[in-house]
Amino acid sequence: MNAVMSLKGRDFLTLLDFSTEEILDLLALAADLKAKQKAGVSYTPLSGKTMAMIFEKPSGTRVSFEVGMIQLGGQAMYLNGNHLQLGRGETIADTARVLSQYVRVIMIRTFAHQKVEELAEYASFRSSNGLTDDDHPCQALADLLTIYEVKKTFQGVKLAYVGDGNNVANALLVAAAKVGMDVAIACPPGYEPKKEYVEAACRVGEQTGRRVTVTHDPLVAVAGADRIYTDVWTSMGQESESSERLQVFQPYQVNEELVKAAKPDYLFLHCLPAHRGEEVTAGVMDGPNSVVFEQAGNRLHAQKAILLSVL
């Protein structure tokens, strides 16, 4: 339960803000909460506390956060653009100050990462980043839990990500490097992860002795991989680029031929929703090496660990 003590009163905006030990503590707490639920143990330490959830992007993230808060004994309140004045001139700072009068924690899923940072700056409550265009730390924590559950270690594990260098790739770079995995990202030229995330992961890799690779060759990334990860080629807000992206990313499809380069017992991960026939074939997505639905389930436990730790 060290995570509950060490993160009390902190915001959860990016894994860049957390040490290796703090991330491992969060994962241990998530695993403990998962075991409690599996055993049917009622655990409600957040009774009397309310979470507000702000969504500027439609998402299934609401389900896992809301269920998690309820299971911990608290309440969750969903807010979209129609419930707030953000789209009609109210500043993020004012919204933060107002909501601070009512709730103890807020989860926001938005486009600009700056909005999350500004919300945290002006709020007297804790803030959690449900997703921005730059980062997806809650998903990355669930991914780490999924990866860890199989071998109970990160040492000697190679994670390969193939596809768009988006928010998921940014978060995974940092997450993998911090827990001691080798990580390789393969993406088309011009679609690489953000420079600051690559540089941060490389700095961590130098300290931990792990390899961080960004390449344009999917075979280089997947060679000898223990875990293979991909995401959609066209994210929300990029619909006008869809036709172009389908052409550019076609060589980066995770298919039966590509996964031959990985270890035979590789696991396939995807943050969902998936487009079978685009970034991944149905054979890989629905095959015996796929753990995508277990991965989705782990969002609940990872997010419960975050909520319990910061409140």
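Just so it is clear, glycine is given a Cβ too, placed from its N, Cα and C backbone atoms.
The shown structure was predicted, so the numbers you read here are calculated from the model rather than taken from an experiment.
Look at Swiss-Prot and you will find GLN85, ARG109, HIS136, PRO137, CYS138, GLN139, CYS271, LEU272, ARG299 tagged as carbamoyl phosphate binding site. A simple way to gauge crowding: the CB of CYS271 (carbamoyl phosphate binding site) has 24 other CB atoms within 10 angstroms, across all the protein chains here.
What Swiss-Prot records for ASN167, ASP231, SER235, MET236 is L-ornithine binding site. Long-range C-beta contacts of ASN167 (L-ornithine binding site), restricted to its own chain and to partners at least six residues apart, with a cutoff below 8 Å, comprise LEU131, THR132, ASP133, ASP134, ASP135, HIS136, SER235.
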If I take the alpha carbons of ARG299 (carbamoyl phosphate binding site) and MET236 (L-ornithine binding site), what is the distance between them in whole Å?
20
Looking at Cβ-Cβ distances, which residues of the chain lie under 8 angstroms from MET236 (L-ornithine binding site) while being 6 or more apart from it?
LYS57, PRO58
Beyond the listed site residues ASN167, ASP231, SER235, MET236, identify every same-chain residue whose Cβ lies within 8 Å of the center of their Cβ atoms for the L-ornithine site.
LEU131, ASP133, HIS136, ASP164, ASN166, VAL168, VAL232, GLN238
Whole-number answer please: how many Å between the C-alpha atoms of CYS138 (carbamoyl phosphate binding site) and ASP231 (L-ornithine binding site)?
15
Packing count at SER235 (L-ornithine binding site) (other Cβ atoms within 10 Å of its Cβ):
17
